[in-house]
């Protein structure tokens, strides 16, 4: 593709639609407002979602990188290897704009930059303050379970989040000071919540009123950086230097070195579920290396590592697209839509027999199609981060059991399996038993009054006590994400006209109205998302789903390694076959064949597994 055509894709005028799609888009918004996409039969509902995605691409992609900036991260000089290898920091994915999406670049927005909410202390700490919201509306009295899925859903999501985004380590100076009620049992008054790090690329001479921006310290791309690292130093530490492989956790040089500063188990957010996924897909990387070595015995360590990394990252993206997401939003229309993202409406069978039969992403899916940024440089967004705040998925109580006979091994709390404590569980409990336990336990539903209690009094590895529910509320305010009603308006959705309209639960409506002093416009985004009536089969809200409709496709559309470079010439023929032929179930069984009975007959590893002995 010529530079001129690629430039056109990035300009504001670069995203144009045909007359037919303009008609479909207008019709989709009309039908969605009047009826709702989820109340339509599958095909009309699918056409409605396709039209809504076009409108979201037109109206809800905004580049914070165009605001004044200094000290931008410098990509390495271009080299031939960049054409066929992912870089450690995500640079050179776009060969014309090598900085795009690399670690250290800004988050984008799904709202116009001039509609970013004020982030003054008065706004961030306004009544009800984040701690009041946490106590009154988020505290879990008992688990409200998402019974259609298993707890690998929660482990997988955090595993993906560790790949996609991080705002970095919060500074200890100038914490937010949240005033507390006299009866609040929190040990320190006021509660202190550390700030999100400032944007090091923000121009100090930027005009007054320039919206706040933050950078993503991870690569923005779907490149498995949670396994391979976001810079060359991290990547070198993970590699063995032999046969393309990475260190496993039972190696002498495990990812848990004796140096505490390099110990991931001491990074806030580390827990057993994340460790399990890291372990599983490090093993998968090495299995891919063995497979590629068998197919291409002349390849050296570097070639094997780079191809295996591409294949593993693509397999993760495939599993998330056609397995994890359809499990948590299992409405028939969304299941069809998500599978179409990968294989197109032509379907998996046609893909297996003939490959791509059309240039259209609708017919043949996004992978292998045309790279397209839809007129805006690619970046993950603050709104995307906000709607992925799904801590209610995590249970407080964990009953660990044997995969052989379902016998109880131990009872754990979330505190027992978090931070360094997770390593003790890993040392004493077999990985197959842990996977089995997660596969047969339900996660929580993403709803009000269902936030894990242990995360409301979470002790970080540094000893700092943190209420993550209050922190989640504060982060949305601090990062300028609009309140619930304004968020819906900016997505062209009808705002809630009353508290009774906000939620189908009358008791919740009264609680929210009382807490927000009767002002529906003050309701925080997360509260509204958790209070909404869910579409059939959904574990989270329809409002959050609108951001996923846009960004789930964009993560694939913008990445040349999923589009124009998703070819046997780049991945290898054997690598492409590995992606096509595998799923979460085959990955689990390859490394833990003793799970075969628990997974027998299942088509999706994120659905509840069979218990041993049929109990």
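Positions of Cβ are set from backbone N, Cα and C atoms, glycine also.
Packing against the compositional bias 'Basic and acidic residues' (89-99) from elsewhere in the chain are residues 3, 6-7, 10, 72-73, 75-76, 78, 82-83, 105, 219-221, 223, 225, 230-232, 371, 373, 377-378, 558-561: each is 6 or more residues past its ends and has a CB under 8 Å from a CB in it. For 89-99 (among others), the entry in TrEMBL reads compositional bias 'Basic and acidic residues'.
If you look up TrEMBL, you'll see 195-205 (among others) marked as compositional bias 'Basic and acidic residues'.
Under DSSP, residues within the region 'Disordered' (65-103) fall into helix, strand and coil as 6 helix, 1 strand, 32 coil. According to TrEMBL, the feature region 'Disordered' maps to 65-103 (among others).
The helix, strand and coil residue counts that DSSP assigns across the region 'Disordered' (195-216) are 0 helix, 3 strand, 19 coil. Look at TrEMBL and you will find 195-216 (among others) tagged as region 'Disordered'.
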Same chain only, please: residues at least 6 beyond the ends of the region 'Disordered' (65-103) with a C-beta under 8 Å from a C-beta of the stretch. Say none if there are none. 3, 6-7, 10, 113, 200-207, 210-211, 213, 216-221, 223, 225, 228-232, 234-235, 306, 309-310, 313, 371, 373, 377-379, 558-561, 565, 570
